Amino acid sequence: MEGYGVDEAVIALKLKDASNWWHDINESTLWQDRIFHILAALYGLVAAVALVQLIRIQLRVPEYGWTTQKVFHFLNFLVNGVRGFVFVFRRDVQNLHPEIVQHILLDMPSLAFFTTYALLVLFWAEIYYQARAVSTDGLRPSFFTINAVVYTIQIGMWLILWWKYIPVLVVLSKVFFAGVSLFAALGFLLYGGRLFLMLQRFPVESKGRRKKLQEVGYVTTICFLCFLVRCIMMCFNAFDKAADLDVLNHPVLNLIYYLLVEILPSSLVLFILRKLPPKRGITQYHPIR
């Protein structure tokens, strides 16, 4: 019995030390700046990779305009570049007034991230319906309409908060974005899953079938989990002060969150989709008109 008591005391002491470690880092100005600068560097690296890939695609197929692939990489560069810039000046951002300016700078890249990966869902939906000889005329208008509605609602809430700060509306804004993230996750599950199952039915000897199957499967899984985790975390962020991401004294939580929902997924997707398009005779290379 005495042995059990000693073991419990040791475990309690270790848990207390772990809690103190977490608290010490969160309250340390030095560690806050270090973690935010690490995030800035990681975002800068992802932005640079996206830009290099965009340049490579342009050099490979200069005769094409703004294709879906080019827009996707450009948006990745833009989102990660802006996010990295915000984290470089994270402490200054926290001191901006009115407070709504802070929310705009921290949340706008998240909206752009949604648009970036919704574009990938659009591309897959077009491929899926074209392969089934179904009209895709309504897909692009739907894509632009959905994005317009999302941005209009979010900007509307920001304008109200700018006019009068209402704490309940801040919570509602976070819940709204959790819903948007869930919508994106379901979009990947629906069209990524459909495309994956369709590719599975192709003849085994089909050229590039296995590689394309793996590509769609990996990207669907990564993006579905990414947006699902974001949805769950945004719900905690809305209702639990301990999970607040918009403050300086939660740097470890920020590091874990942004690694899981933006940096790691973006890095993996850019790596998986690194293959350059053929120079001529493209049948699945869709320019945005």
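A Cβ is built for glycine as well, from the same backbone N, Cα and C atoms used for every other residue.
The domain 'THH1/TOM1/TOM3' annotation in TrEMBL covers 18-289.
Residues or ranges marked as transmembrane segment by TrEMBL: 35-59 (among others).
Cβ atoms under 8 Å from those of the transmembrane segment (71-90) belong to residues 36-37, 39-44, 46-47, 50-51, 53-54, 57, 105-106, 108-109, 112-113, 115-116, 119-120, 123, 248, 258, 262, 266, 270, 273, 288 of the same chain, restricted to positions at least 6 beyond its ends. The transmembrane segment annotation in TrEMBL covers 71-90 (among others).
With a cut-off of 8 Å between Cβ atoms, the residues of this chain six or more beyond the transmembrane segment (110-129) that come close are 68, 71-72, 75-76, 78-79, 82, 135-136, 139-140, 143, 146-147, 150-151, 154, 177, 180-181, 184, 187-188, 191-192, 194-195, 198, 216, 219, 223, 227, 230, 262, 269, 284, 286. For 110-129 (among others), the entry in TrEMBL reads transmembrane segment.
If you look up TrEMBL, you'll see 141-163 (among others) marked as transmembrane segment.
If one looks beyond the transmembrane segment (175-197) by at least 6 residues along the same chain, the residues whose Cβ comes under 8 Å of a Cβ in the stretch are 107, 110-111, 114, 117-118, 120-121, 124-125, 127-128, 150, 153-154, 157, 213, 216-217, 219-220, 223-228, 230-232, 234-235, 238. The annotation transmembrane segment is assigned in TrEMBL to 175-197 (among others).
Sequence annotations record features per position, and here TrEMBL assigns transmembrane segment to 218-239 (among others).
Feature annotation from TrEMBL assigns transmembrane segment to 255-273 (among others). Remote same-chain residues near the transmembrane segment (255-273) are listed as 35, 38-39, 42-43, 46, 49-50, 53, 69, 72-73, 76, 79-80, 83, 113, 120, 215, 218-219, 222-223, 225-227, 229-230, 233, 245 (criterion: CB distance under 8 Å, separation of at least six residues from the stretch ends).
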Within-chain partners of the transmembrane segment (218-239) [C-beta distance under 8 Å, separation at least 6 from its ends]: 110, 117, 120, 171, 174-175, 177-179, 181-182, 184-185, 188-189, 192-193, 195-196, 245-246, 257, 260-262, 265, 268-269, 272-273
